[in-house]
Amino acid sequence: MAASRYNSNDLRRQVGSPRSKGRDTKDTLCRNVVIYGHCRYMDTTCNFNHDQNKPASGPSDFLSKKSFNADSPSFTPSGQNLGQAKKTTLSSQAANAAPFTPRGVTASTQQNADLTMFNPAGAREFTPSGNTQNYELGNSNMGNGAAQDNGVFSDPFAMNSMAPALANNAPFNPYAGDPSAVSGAGAGFYSSGGAYASVPMQQPNYHLYQPYDAYRGELQPWQRSTYDYFIPAAMREEIQKKMFATQHTMPGLPKLENYHSLFSLDTSHRKNTACFGYHSWVYKAQKVTTGLHYVLRRLEGYRLSNDQSVMSVMRDWKNVRHENIVSFHETFTSQNFGDSSLIFVYDWHPLAKTLAEQHFSSPLGNNRQRYPAVPEGILWSYVCQIASALYYLHNKNLAARCLDLSKILVTEKSRIRLGSCAILDVVQYDHNLPIQELQGEDLVKFAKVILCLATGMPPNLLQSSNTKAALDSLVKYSRSLRDALQFLLSPVAPNGQPHTIAHFLTMIAPQLAQQANNTLRENDEQQYWLAREIENGRIARNVMKLSAILERGDLGSQSNWSEVGDRFQLKLFRDYVFHRVDASGKPDLGLGHMLSCMSKLDAGVDEQIMLTSRDNETVFVITYRELRGMFERAFNELMKFSKSPGL
């Protein structure tokens, strides 16, 4: 509501205060009536006029009319013409003016006001200036972000865009140093663009637990770092890699009658018939009945014509058990691969490599080049192990026959095993070759394998060259090694007697003794680390038992079972071991203290410790032997209410 023009001094003179006393104010209008419309003191102490219709006294006619009347004229500042409005600086046409554009910016970069909202579909992906490299797989022609110029942002997690790139990569090799090339992993049954080509291989996170060992100079001789309590990092990493390789599966491969979860182990798509006369493929599979993993060697397109041959050969090879021979289990035929296939089942050795992959692997795939020669110490290790395996087979009236660089496996460091045995006995069963002739061929093949490793020549180069010239070139090796190879290459002794593996073992007896010594040394090291892990296993079992007892609550008919009796002291022991704090109240995470206390609890020593409750109201002085008894009683009581066998 607008008010008439007034002067503040006139208002104070003509409108009185309700608390004024001692003055004649009957004709003066009360200020509360003017402002609020009523006065709370009108019946008590206020001496002013409360009737707005009564004219007020004074020289001014300010209150001659109603003070704040709705009919009062609107307030108009002096000096203004009510009939004309003063022109403003900006006219109404300024609203239609063009938006401000900084100097130097062209009109083509101006945007409509309706398009000021951010549109993710119209945003271009960042492209470094001057860099045409594309970081997407399988595409080296387009710059990064060029695929998004059409205004539709592609899903970076969609596997259909990666399938063409993965199909062009190298085939998957679980034994290679970089097994991430997952497209087209090995067999002729499936194509490189199959279902597996679009499935990425998730690598294990064992590298996340790689220890960063403390600087030994900062530790005292009696001090230990955290990782001194466990097996070496390299050994743990190798075991984790083997476990990860055992769990590999590949979609798209068929399920056989007794085996499932097949995974191709072939490192190349090339078909080779040099060894068996048939295309062969290798798979890892899991047996349905036992859950164990095996290796399946499949002969493609083989039709079994004589069942008796398989039965007789399998009977002999199933009984072969030697540490340098991959054990054979069974053979069967299958139509699940779309053809007639004969499958041989062998033991599974994860992350095994062949001698060809170990010493003749070329990144360019060139089989015509020469490779570095193998040191003599490793050669003697191979010679002794192969000779031991052949001696075992020849005494059983068998022959290895598959002595080839691509069929001899390296399962651990310098540990080899003869693979693919018994296959040629089935495939060439009708040849009826004498066993003595086959055993003589084993010695010659044995010598050629060692000669390839010593000269660095692949088998195809060695076959095309003079074997005697290659043997004479081994001048950097000892005389005993050259004599051993010469013995193997000569089928008949000077007296006319054929050479046997037993004669060869007597010839290399000193090297056999050295090899046995090295084996025992490695066995002692393995036993040492195994003993340390046994202690860790016992501690882990006791921690699980203690966790099952504490914080359980009610058990049976007893309420709050884990907080009373012996369990309360075990709870204080838990705080003593795992919840310690230092003088400043910070957590004390000393691993040595935890391992020491849990080991003493497991042994039940007579050492005394003091257990204190968190409120410092209860203190126990108790021995580990007494705690051990409480621990066993509490867990035995817990097992009475459990249906599981326990720990």
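Residue 1 is the first one shown; counting continues down the chain.
A Cβ is built for glycine as well, from the same backbone N, Cα and C atoms used for every other residue.
Feature annotation from TrEMBL assigns region 'Disordered' to 1-25 (among others).
Annotation source TrEMBL lists zinc finger at 24-53.
Among the features that TrEMBL reports, domain 'C3H1-type' is placed at 24-53.
Taken from TrEMBL, the feature region 'Disordered' covers 55-107 (among others).
Summarising the annotation, TrEMBL assigns compositional bias 'Polar residues' to 66-95 (among others).
The annotation region 'Disordered' is assigned in TrEMBL to 120-148 (among others).
Among the features that TrEMBL reports, compositional bias 'Polar residues' is placed at 128-143 (among others).
Taken from TrEMBL, the feature domain 'Protein kinase' covers 268-550.
For Lys407 (ATP binding site), the same-chain residues lying six or more positions away in sequence with a CB closer than 8 A to its CB are Cys275, Thr354, Leu418, Gly419, Ser420. Per TrEMBL, ATP binding site is recorded for Arg297, Ser406, Lys407.
Residues 229-232, 235, 380-381, 383-385, 387, 480, 570, 574, 595, 598-599, 601-602, 631, 635, 638, 647 of the same chain, all 6+ positions outside the coiled coil (510-548), place their C-beta atoms under 8 angstroms from a C-beta of that stretch. According to TrEMBL, the feature coiled coil maps to 510-548.
If you look up TrEMBL, you'll see 549-647 marked as region 'Knob domain'. Summarised by DSSP class, the composition of the region 'Knob domain' (549-647) is 47 helix, 14 strand, 38 coil.
Counting only residues at least six positions away in the same chain, the Cβ atoms of Ser280, Trp281, Val282, Ile343, Phe344, Tyr346, Ser420, Ile423 sit under 8 Å from the Cβ of Arg297 (ATP binding site).
All protein chains included, Ser406 (ATP binding site) registers 17 other Cβ atoms within 10 Å of its own Cβ. A Cβ within 8 Å of the Cβ centre of Arg297, Ser406, Lys407, the residues given for ATP, is found for these other residues of the same chain: Cys275, Ser280, Val282, Thr354, Cys402, Asp404, Gly419, Ser420. According to DSSP, the domain 'C3H1-type' (24-53) comprises 6 helix, 3 strand, 21 coil. Max Cα-Cα distance over the annotated ATP binders (Arg297, Ser406, Lys407) is 13 Å.
Averaged across the domain 'C3H1-type' (24-53), the predicted model reaches a pLDDT of 76.
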